[in-house]
Amino acid sequence: MPCTCGNWRRWIRPLVVLLYIVGLIVGVPICIWKLQKMEVGVHTKAWFIAGIFVLMTIPISLWGILQHLVHYTQPELQKPIIRILWMVPIYSVDSWIALKYPDIAIYVDTCRECYEAYVIYNFMIFLLNYLTNRCPNLALVLEAKDQQRHLPPLCCCPPWAMGDVLLFRCKLGVLQYTVVRPVTTVIALICQLTGVYGEGDFSVKNAWTYLVIINNVSQVFAMYCLVLFYKVLKEELNPIQPVGKFLCVKMVVFVSFWQAVFIAILVKAGVISNTWEWKKVQDVATGLQDFIICVEMFLAAVAHHFSFTYKPYVQEAEEGSCFDSFLAMWDISDIRADISEQVRNVGRTVLGRPRKMFFNDDLEQNEHTSLLSSSTQDPISAASSIPPSPSGHYQGFGQTITPQTTPTATTMPEELYSADSPEADLVADHSKVPDESCNHLDS
């Protein structure tokens, strides 16, 4: 039967499980055979143990990704989730390869580190897509809130004005890391080829030291903007339980980075001095980092499985082909649009021109909600007409809404706005745009 038939959801999961079992039957004996042929030392033992953790990590992550593809009912939310879930297998396999072949570690590790910027970006997309569906005009919601001061260590800086300014700067803070990280990665590769990189060696003569500082500042600022964004909109984000999701992303990104720095400090201090089968002590530091990541990714896979579960997206009547779901996972048109829009907004700021508003009335509806723009089409009323899923509690948010099938926000039941509710005050303050307030259906 063709892939577009509705029964593909029945056979795709058993097929993936079967392929994985076949891979184990073929791969494990080969690894054992190579292990017996090689001289078994610390390096080989570390590689073999790390491989065991990789074999346990991959099925957990791929199963979560597969379940989201099978129940791909809310593209705006599930597309960034799938991209985030790919982080664990990419980190795991990448680190295992780098551990086995130290000479190419610099190349595979830089690809891994580049993906972490992509993950932070997609987590921001996930939060924004949920919020812009729930609160079509997020800027008005922010303007109605009390002024948020900066968090430590920037508490002495002037606060960002609530509304478009705060949104713009939080998005810019996250997006800058997705640009800085690939640029520093390319510089690192060039420095490695010219022999001036010196990975793991803190020295003013090595490019690695300066690139670590640049990446660290960029990463910390991106995470700071995420924390500030969550702090301001904590109440609106509560229905999707963002704390566990945020910790999953933050722990993987921060722990992997700082443990690499900590290991490099131990090497510089002479605590790690034995080279075993490695050529130099810096290679030992890189190998130790890769080994630890392989172990940590197993724990991260378990955490991701529960934090980014597919269950809230299960619907009784699901449509769509497996081919469409698979292609949607690789679609990066939203990233190109966001970066392009951000460059234009920065250019307008530099030239002293007004920035484009994030919330226009005539934005075209499509599958995703752009990171730097949103729609005024209100999916809440559409969500209220969808039968609740027995497995989920925020079903309906993130549905692909079209003007032909979605009523406008002016049809929102008046019961949603009580006389003493914040929404009623917001509507009173903005009588010209009553459909752009945040509807707290979860309260």
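Cβ atoms are placed via backbone N, Cα and C, with glycine included.
Over in Swiss-Prot, the protein carries these features:
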- 15-35: transmembrane segment (TRANSMEM)
- 46-66: transmembrane segment (TRANSMEM)
- 84-104: transmembrane segment (TRANSMEM)
- 182-202: transmembrane segment (TRANSMEM)
- 210-230: transmembrane segment (TRANSMEM)
- 252-272: transmembrane segment (TRANSMEM)
- 284-304: transmembrane segment (TRANSMEM)
- 369-422: region 'Disordered' (REGION)
- 369-378: compositional bias 'Polar residues' (COMPBIAS)
- 399-411: compositional bias 'Low complexity' (COMPBIAS)
Long-range neighbours of the transmembrane segment (182-202), counting only residues six or more past its ends (CB under 8 A): 105-107, 110-111, 113-114, 117, 208-209, 211, 214-215, 260, 263-265, 267-268, 282, 285-286
Close approaches to the transmembrane segment (210-230) from elsewhere in its chain (Cβ under 8 angstroms; 6 or more beyond its ends): 113, 117, 120, 123-124, 127, 148, 150-151, 154, 166, 169-174, 176-177, 180-181, 184, 187-188, 191, 237, 242, 246, 250, 253-254, 257, 261
Same-chain residues at least 6 beyond the ends of the transmembrane segment (252-272) whose Cβ lies under 8 Å from its Cβ atoms: 87-88, 91, 116, 119-120, 200-202, 212, 215-216, 219, 223, 281-282, 284-285, 288-289, 292-293, 296, 300
